[in-house]
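Database features (TrEMBL):
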| type | residues | note |
| --- | --- | --- |
| COMPBIAS | 303-314 | compositional bias 'Polar residues' |
| COMPBIAS | 326-337 | compositional bias 'Polar residues' |
| REGION | 301-337 | region 'Disordered' |
| TRANSMEM | 5-24 | transmembrane segment |
| TRANSMEM | 45-66 | transmembrane segment |
| TRANSMEM | 72-91 | transmembrane segment |
| TRANSMEM | 100-118 | transmembrane segment |
| TRANSMEM | 138-156 | transmembrane segment |
| TRANSMEM | 163-184 | transmembrane segment |
| TRANSMEM | 204-223 | transmembrane segment |
| TRANSMEM | 235-255 | transmembrane segment |
| TRANSMEM | 261-284 | transmembrane segment |
């Protein structure tokens, strides 16, 4: 139980640091654009935001070693909620009724998730990962994902079908592999630190590490391509829903995290996810469209909100999935060029 609570706390703190980081970076850009002084990357405050981003990402990575993946992934809504709170309190952005309702629903959903999620997950060892990789359940799931990914890639590349759902499903399919590999790597490192058994000598550890890095890189690539074609107010909630769903399914099938739980836990956990999804949609709902602008010629970060004097450029891949969750947090309406 203590390990389970530790994982939740680490994930919440990690997402909280990410929300602070994104708002610090946003504030730095606003200040630099108003003063028209040195570029944003010369600001110490901006680099503080980068450091906090790294610490937050590290916290999320570590959390997978202590708590089930099906719980850690949905807790990403904490960063969305906290970013709105910080933007309103410190950046003086407008608080809307939908923000309050969305935040309340997301918090209620988070409570349901924490209460009815699996309290423990099996110890992740090299032997356990190897057995799960060759299990019939996972092999069927993997073949289904592979076929679906190939079909969507054909539509996207060959048929030039640029629909947001296709893009987000591609990201979610890659995210499934990311969640499995991240938890495997984090879990094996955790087991090694505990001293129970040295896991870093097994080849499967390095195989999962390569899968983790590769899947993350392609996630960032597809997500940034989607950011170029669609507005962040559309991408944020859809990406959160698809990513969370893929993470939960991966946790159930690969790590058997819900094994032995009664039906009521499945139902209440699904209700918690639905409430969190609805809350994120309400927070992102009717946000002003984020357009490409000419204010900054250097690459911008797809994790910051836009203002009337500064627009993010979405083709930079530094911040990836977590950063892009919060690109819709500005409440300032912009004029058409």
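Using N, Cα and C of the backbone, Cβ positions are placed for all residues, glycine too.
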Going along the chain, which residues at least six beyond the ends of the transmembrane segment (72-91) come within the CB cut-off of under 8 Å?
7-8, 11-12, 15-16, 18-20, 22-23, 26-27, 30, 56, 60, 63-64, 99, 103, 106-107, 109-110, 113, 179, 236, 240, 243-244, 247-248, 251, 272-273, 276, 279-280, 283-284, 305, 322, 325-326, 329-331
Positions whose Cβ lies under 8 angstroms from the transmembrane segment (138-156), at least six residues beyond its ends:
132, 162, 166-167, 169-170, 173, 176, 249, 253-254
